[in-house]
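Some features that TrEMBL has for this protein:
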- 1-399: domain 'Major facilitator superfamily (MFS) profile' (DOMAIN)
- 39-61: transmembrane segment (TRANSMEM)
- 73-89: transmembrane segment (TRANSMEM)
- 95-118: transmembrane segment (TRANSMEM)
- 130-152: transmembrane segment (TRANSMEM)
- 158-176: transmembrane segment (TRANSMEM)
- 219-242: transmembrane segment (TRANSMEM)
- 254-274: transmembrane segment (TRANSMEM)
- 281-301: transmembrane segment (TRANSMEM)
- 307-330: transmembrane segment (TRANSMEM)
- 342-364: transmembrane segment (TRANSMEM)
- 370-391: transmembrane segment (TRANSMEM)
Amino acid sequence: MKPWHSPLAFAFAVQAATSVADASVPVLGPFIAAGTGASPALVGLFFSAVSLGAVVFFLLGSGLVHRFGAPRVLRAGAVVTAAGLLAALSGSAWLILAAGLVVGLGFGVNGPAGAVLLHDAVPERRRRLAFSLKQVGMPVGATLAGLCLPAIAARWGWQAALLATSGLCLAVALLLRVRPAAGSESGPDPAGAGPGGTPPWLDLRALGGLAAQRRIGRLLAAGALLAVAQGSVYAFLVVYLVEGLGLSPLVAGGLYSLFHLAGIPGRIATGWLADRPGLRSWMLSLIGLASAGGLVGLAILPAGAALPLVAAAVIALGLVVGSWNGILTVEATEAAPPGRVAEAAGVAATGAFAGFLAGPLVFAEVLQLGGGYQAALLAVAASAALAPAILPRDRSPSQTGAAARVGE
């Protein structure tokens, strides 16, 4: 086993557990609506609240990574996520939204803390694959959510499903405390101290300076557009399959799992391909165009479409729509100055989660204006199709000077 495999497993475990929590309310949306009378739009609002909480951490939390070390922050994120889900048990719409904010704070640690852990451990020529493998934790977690949570809710109620998810996050945090990754308990990163001793979480000017760099700024904007499409599908796929295509909640939950399961080989394949020098500058653009095509395919399905056809469209979209994140994060961290890996990852993730925040809101607004699911899906498909026009094409040595070449 190579030295970087252990930190990768550490980051993957937290990503997967917190991703179950991230997907919990969207997957349980029909059960929560039936039990509380809440509007289906609450699903989108929860997803947006999670995104907002994550953005708060991206903007203010990089200094915590430098001060306490990436592994401790990752474990703390799992604990915070577990605590946040408990607020949703009452069924109050306001408390469910508050739970989304807290879950977002915990989920948000995966960006800066995971980036520092992997950037320091993984050789540059393997980083896109390694970051994509970490991001596989998202579809793994969402797949577990889609397979397990509706079944738990059908038998014991949706509150029991949320309790089980909270327990999973706590168990992962405790397991990683008992058996930390080899070399993962390194202390704070002194290279990440803010200029002049300024606490990094207060030095928002540093984040603004990174975002103003041409390459990182373009990556931020393109990530936001890709995230609009991804976030909308994550939030509304189950509701669309039930209300738009007439499937049962259990069948829709199974297809939601297939959608995320397809993201596993999709992320691995695109990460591996993106490490090939001839494809690095094009892979994100290809993912954007393929995502747009997949959303159009899903939009044109008629109500009552044959289940195999629906499954094929869902799987095809799942292969590509979430495969961009790990690759984009590597591009941002390699363009960052030395000691600013966490901040660069935070900037890139801020753009992505701004898209996750905006996407479900746009989708819900189109629905409330009477446009229907087809119009909403086409709107977010246009967002994915626009991203390739913004992405940077060049990759000069000066832009990747921060990429430390570490031995395998």
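Keep in mind that glycine also has a Cβ here, set from the backbone N, Cα and C atoms.
Counting Cβ pairs closer than 8 Å and at least 6 residues apart in sequence, the transmembrane segment (95-118) and the transmembrane segment (342-364) reach three or more and so form a contact.
Below 8 angstroms of C-beta separation, residues 4, 8, 11-24, 27-28, 31, 110, 114-115, 118, 122, 160-161, 164-165, 234, 238, 249-250, 253-257, 259-264, 267-268, 270-272, 274, 318, 322-323, 325-327, 329-330 of the same chain, each at least six residues beyond the ends of the transmembrane segment (130-152), sit close to that stretch. Tallying C-beta pairs under 8 angstroms between the transmembrane segment (342-364) and each of 39-61, 158-176, 219-242, 281-301, 307-330 places 219-242 first. If you look at the transmembrane segment (307-330), the same-chain residues 6 or more away from its ends with a CB under 8 A from one of its CBs are 111, 115, 127-128, 131-135, 138-139, 219, 222-223, 226, 229-230, 233-234, 237, 241, 245, 247, 251, 255, 258-263, 265-267, 269-271, 274, 283-284, 287-288, 290-291, 294-295, 297-298, 301, 345, 348-349, 352, 384. If you average pLDDT over the domain 'Major facilitator superfamily (MFS) profile' (1-399) in this model, you get 83.
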